[in-house]
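Data block below; observations after.
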Amino acid sequence: MKVTVSTLYKLKQDNQKISMLTCYDSSFAALMDQAGVEILLVGDSAGMVLQGNGSTLPVTLEEMAYHVRCVARGAKQALVLGDLPFGAYQASPAQAFEAAAKLMQAGAEMVKLEGGEYMAETVRFLTQRGIPVCAHIGLTPQAVHLFGGFKVQGKTEAQAQQLRRDAEALEGAGAVMVLMEMVPAPLAREITANCKVPTIGIGAGVDCDGQVLVMHDMLGVYPGKKARFVKDFMADAPTIQGAFEAYVRAVKDQTFPASEHSF
Ligand SMILES: Nc1nc(=O)c2c([nH]1)NC[C@@H]1CN(c3ccc(C(=O)N[C@@H](CCC(=O)O)C(=O)O)cc3)CN21
Ligand SMILES: CC(C)C(=O)C(=O)O
Ligand SMILES: [Mg+2]
């Protein structure tokens, strides 16, 4: 059955975990779709794992639209989530709408943007105009140069309080999903409990409503530094299809992420 926003709400209600992987092309999209991955995130991580840059900042909206078109052709059941790239949405709600519309026309069924409370106005602008939005909080990689590296967020009580406010404001503005990256597990658990919409974690512990990994990381083919939250599912799988299936199983039965993958 086609995965929709309602499917995701129902999974949260029923305490069933949601699996998400990044995907950039049609062949992998078909394999992930077959393996039962509910959401294919066309991530701006493409700038790192496909293009070889040291950050996600060089990725353009046109490049993202191209990958969304590729993935949308391979995805039959999975929901296609398109990442808005750096510089395409931060200037104003109107700029964000134009960029989001391009990804929706390319085949995205939801868009993701990075930022906390300060992006609530933009989230409201998009959702009021028919575009489902996933809000990405915690470590927002497009702000890597402000953070001074890909580091855990929300470690001090003041930062934790800000993250709680971020999730609340974005949900209040109409975000249909909240993604938390590099957030201490107990804080992500608390935010998830207080969120009506599903939360997805990466380096945010096992108690989020779902998990996401970058495909190249979980297949063990990314040559860069391996973050703590990464597990190589290819290590114990006979095929790539098997690795995708093992990932979905591990997310569903909550054996991934383990404490060694969490902060
Ligand atoms: N291949 C890949 N995987 C990703 O998960 C990913 C990307 N690229 N590109 C965009 C962002 C950047 N991300 C990253 C990149 C590195 C770390 C990392 O090395 N973290 C260390 C330091 C932790 C700390 O100092 O707080 C770690 O041990 O996890 C984390 C997230 C997550 N995203
Ligand atoms: C790491 C995930 C959440 C992402 O935003 C991406 O792959 O671009
Ligand atoms: Mg991204």
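Any Cβ shown, glycine's included, is placed from N, Cα and C.
Copied over from TrEMBL, here are the features:
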type	residues	note
BINDING	Asp44, Ser45, Asp83, Lys112	3-methyl-2-oxobutanoate binding site
BINDING	Asp44, Asp83, Glu114	Mg(2+) binding site
ACT_SITE	Glu181	active site, proton acceptor
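Taking the features listed in TrEMBL, we show where each one sits on the structure.
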residue: Asp44; record: 3-methyl-2-oxobutanoate binding site; contacts (Cβ under 8 Å, 6+ apart): Thr56, Val59, Met64, Asp83, Leu84, Pro85, Phe86, Pro141, Gln142
residue: Ser45; record: 3-methyl-2-oxobutanoate binding site; contacts (Cβ under 8 Å, 6+ apart): Thr22, Thr56, Asp83, Pro141, Val214
residue: Lys112; record: 3-methyl-2-oxobutanoate binding site; contacts (Cβ under 8 Å, 6+ apart): Leu41, Leu81, Gly82, Asp83, Leu84, Val133, Cys134, Ala135, His136, Leu179
residue: Glu114; record: Mg(2+) binding site; contacts (Cβ under 8 Å, 6+ apart): Leu84, His136, Ile137, Thr140, Pro141, Gln142, Ala143
residue: Glu181; record: active site, proton acceptor; contacts (Cβ under 8 Å, 6+ apart): His136, Ile137, Gly138, Leu139, Thr140, Pro141, Gln153, Gly201, Ile202, Gly203, Ala204
Can you list which of these binding-site residues (Asp44, Ser45, Asp83, Lys112) have a Cβ closer than 6 Å to ligand 1?
Ser45
Starting from the Cβ of Asp83 (3-methyl-2-oxobutanoate binding site), draw a 10 Å sphere and report how many other Cβ atoms land inside it.
28
For the recorded Mg(2+) site, whose residues are Asp44, Asp83, Glu114, find every other residue on that chain with a C-beta no more than 8 angstroms from the centre of their C-beta atoms, and list them by sequence position.
Gly43, Ser45, Thr56, Val59, Leu84, Pro85, Phe86, Lys112, Leu113, His136, Pro141, Gln142
Among Asp44, Ser45, Asp83, Lys112, which the record lists as binding 3-methyl-2-oxobutanoate, the farthest-apart pair of C-alpha atoms sits at a distance in angstrom of 13
If the criterion is a C-beta within less than 6 angstroms of any ligand 3 atom, which of the recorded positions Asp44, Asp83, Lys112, Glu114, Glu181 pass it? List them in sequence order.
Asp44, Asp83
Binding-site residues close to ligand 2 - of Ser45, Asp83, Glu114, only those whose C-beta is under 6 Å away
Ser45, Asp83
